[in-house]
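Summarising the annotation, Swiss-Prot assigns active site, charge relay system to HIS227, ASP272, SER368. As annotated by Swiss-Prot, disulfide bond applies to CYS212-CYS228, CYS337-CYS353, CYS364-CYS393. What Swiss-Prot records for 46-163 is domain 'SEA', and it gives sequence analysis as the kind of evidence. Residues or ranges marked as domain 'Peptidase S1' in Swiss-Prot: 187-417. Under the heading N-linked glycosylation site, Swiss-Prot lists ASN144, citing sequence analysis as support. Per Swiss-Prot, the feature topological domain 'Cytoplasmic' maps to 1-20; the stated evidence is sequence analysis. Summarising the annotation, Swiss-Prot assigns topological domain 'Extracellular' to 42-418. Per Swiss-Prot, transmembrane segment is recorded for 21-41, and the stated evidence type is sequence analysis.
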Amino acid sequence: MYRPARVTSTSRFLNPYVVCFIVVAGVVILAVTIALLVYFLAFDQKSYFYRSSFQLLNVEYNSQLNSPATQEYRTLSGRIESLITKTFKESNLRNQFIRAHVAKLRQDGSGVRADVVMKFQFTRNNNGASMKSRIESVLRQMLNNSGNLEINPSTEITSLTDQAAANWLINECGAGPDLITLSEQRILGGTEAEEGSWPWQVSLRLNNAHHCGGSLINNMWILTAAHCFRSNSNPRDWIATSGISTTFPKLRMRVRNILIHNNYKSATHENDIALVRLENSVTFTKDIHSVCLPAATQNIPPGSTAYVTGWGAQEYAGHTVPELRQGQVRIISNDVCNAPHSYNGAILSGMLCAGVPQGGVDACQGDSGGPLVQEDSRRLWFIVGIVSWGDQCGLPDKPGVYTRVTAYLDWIRQQTGI
């Protein structure tokens with residue numbers, strides 16, 4: 001019987017160093033491949049902005065929709081933003097959709113038209129026409145399921161450059177840097193402000209030296225404190241500057257007129273409010289634009305967060321600082337502020353207190369006239385106070401005292417026509 005010859009096999013072993021090298025090389029190649037894949041899927045993305053104009057067929061326009069400060073404006077804008085957000089978060093674009101913001105409500109016949117800016121993130125190699133088509137498809141679903149908001153179904157979207165999107169958003173008052181970029185992240189933090197963090201803040205300079213703060217409330221008017229002009233109210237001696245640095249400002253503005261409240265009383269700090277009219281209108285940018293005036297009925301509850309900004313001294317009798325600083329404080333009720341151990345009845349109805357119980361965070365010399373602001377649910381900023389007076393700076397139970405802006409809205413409108 002035929003039997004194949006037995007072949008003697010020789011065992012061969014790879015060098016352990018070679019094995020180790022192959023394993024390590026394989027792991028490295030795999031790691032690099034995964035890293036590149038993660039990068040291109042998660043990080044190699046670009047932001048894209050789109051604008052859509054929604055015609056609301058069953059909402060009648062009225063004067064309360066003129067200002068983002070009114071509850072009616074906030075409610076309607078919030079409903080539209082929530083509807084858009086919910087629609088995209090439940091769609092196949094849930095991971096690409098970032099945020100939507102109503103930039104403006106305006107009259108359209110007897111109805112309302114809402115101009116909305118939306119932000120998405122797609123990988124860079126996505127086709128623009130394809131992205132737009134996908135977004136429009138989702139919006140059409142929304143228009144068919146818009147609840148009790150009747151929206152014209154012929155709505156279309158327009159692609160915007162980053163600058164064009166910013167231009168839409170800065171024309172609305174109170175837009176901070178996170179709103180202008182439609183970012184989901186807050187930029188606040190620390191005590192030294194970043195450029196553009198508080199774009200309405202101005203420095204009022206007497207004979208070219210920083211003297212007081214102020215706030216742009218439109219492109220022609222600055223809101224500030226009356227006591228800033230006790231020594232000199234000649235407009236020719238004043239200029240206003242924008243930017244976080246008083247040494248290297250971004251913009252210089254000449255002053256045409258200074259309007260001080262007729263009933264300002266320096267002894268009691270009553271009616272400590274003034275307006276500065278500029279010689280020329282300001283062209284708004286992402287770093288320079290106005291803060292919102294509040295509605296007369298705006299709620300400013302005790303304990304709520306507010307921010308005060310300025311170039312004032314960091315301690316009582318200290319020197320002003322060249323870079324803008326910010327401080328987080330809490331609103332304090334007038335009853336608490338009027339307690340015997342605090343201001344013992346000196347806080348009047350046209351005043352507002354803010355600080356921290358233990359002291360340490362406060363406005364100080366050089367901050368006078370600057371803004372105390374709060375952010376609403378739509379991330380718009382409103383000026384609720386004007387730095388007015390206080391007992392030294394940052395003492396416990398001696399918070400900063402501010403002019404209550406809601407008490408002077410009629411006066412502001414009479415002077416400015418805003």
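Every residue gets a Cβ built from N, Cα and C, even glycine.
Because the structure is a prediction, the values reported are computed rather than measured.
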Those recorded positions of ASN144, ASP272, CYS337, CYS353, SER368, CYS393 having Cα within 10 angstroms of CYS228 (disulfide bond): ASP272, SER368
Whole-number Å value for how far CYS353 (disulfide bond) lies from ASN144 (N-linked glycosylation site) (Cα to Cα): 49
Cα-proximity to ASP272 (active site, charge relay system), 10 Å cut-off, over recorded positions CYS212, HIS227, CYS337, CYS353, CYS393: HIS227
DSSP-derived structure type at SER368 (active site, charge relay system), helix or strand or else coil: coil
Site with most surrounding Cβ atoms, counting all protein chains shown within 10 Å, from the recorded positions ASN144, SER368: SER368
Integer Å distance between the CA atoms belonging to CYS212 (disulfide bond) and SER368 (active site, charge relay system): 5
CYS393 (disulfide bond): tally of other CB atoms within 10 A of its CB: 23
Three-state composition of the domain 'SEA' (46-163), taking helix and strand from DSSP: 41 helix, 41 strand, 36 coil
For the domain 'Peptidase S1' (187-417), the mean pLDDT of the predicted model: 91
For CYS353 (disulfide bond), the number of other Cβ atoms found within 10 Å of its own Cβ: 26
Cβ atoms near ASP272 (active site, charge relay system) (within 10 Å, other residues, all chains): 28
Reduced DSSP assignment, HIS227 (active site, charge relay system): helix
CYS393 (disulfide bond) versus CYS337 (disulfide bond) - Cα distance in angstrom: 15
